[in-house]
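Engineer: Have a look at this one before I ask anything.
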Amino acid sequence: MNTVRVTFLLVFVLAVSLGQADKDENRMEMQEKTEQGKSYLDFAENLLLQKLEELEAKLLEEDSEESRNSRQKRCIGEGVPCDENDPRCCSGLVCLKPTLHGIWYKSYYCHKK
């Protein structure tokens, strides 16, 4: 019985001491892998940053080429009174004289074409 205990204790001590060595080796391997992973991540990050900068430059060029006068000015929506001489109805609408309703306010309203 005593020899079994001594043998078990000896095996246990060896397992613990060798396990610690394996743990240190594993820690070193993990540090090396994380350093390699960081370098890969830095490389990928730099590539992504370059692509984003190129896209941003293209978008800024397109914005600078677009004129401010090319945008549609404020417009009047459907069913809103408009001026016959200066109709500012939104696209798809025309300034027409109403047939039945609206005769008591202004004589022209924006309606669908």
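Here the Cβ of each residue, glycine as well, is placed from N, Cα and C on the backbone.
The model shown is predicted, which means the values in this text are computed figures rather than measured ones.
What Swiss-Prot records for Cys75-Cys90, Cys82-Cys95, Cys89-Cys110 is disulfide bond. Look at Swiss-Prot and you will find 61-83 tagged as region 'Disordered'. Taken from Swiss-Prot, the feature signal peptide applies to 1-21, supported by sequence analysis.
Are these features on the surface or tucked inside, and what touches them?
Structural biologist: The local packing around Cys90 (disulfide bond), expressed as other Cβ atoms within 10 Å of its Cβ over all shown chains, amounts to 13.
For Cys89 (disulfide bond), applying a Cβ distance below 8 Å and a minimum sequence separation of six or more within one chain yields Cys75, Ile76, Cys82, Cys95, Cys110.
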Engineer: Find, for the listed disulfide-bonded residues Cys75, Cys82, Cys95, Cys110, the residue with the lowest Cβ contact count at a 10 Å cut-off, counting only other Cβ atoms.
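Structural biologist: Looking at the disulfide-bonded residues Cys75, Cys82, Cys95, Cys110, the Cβ with the fewest others within 10 Å is that of Cys75.
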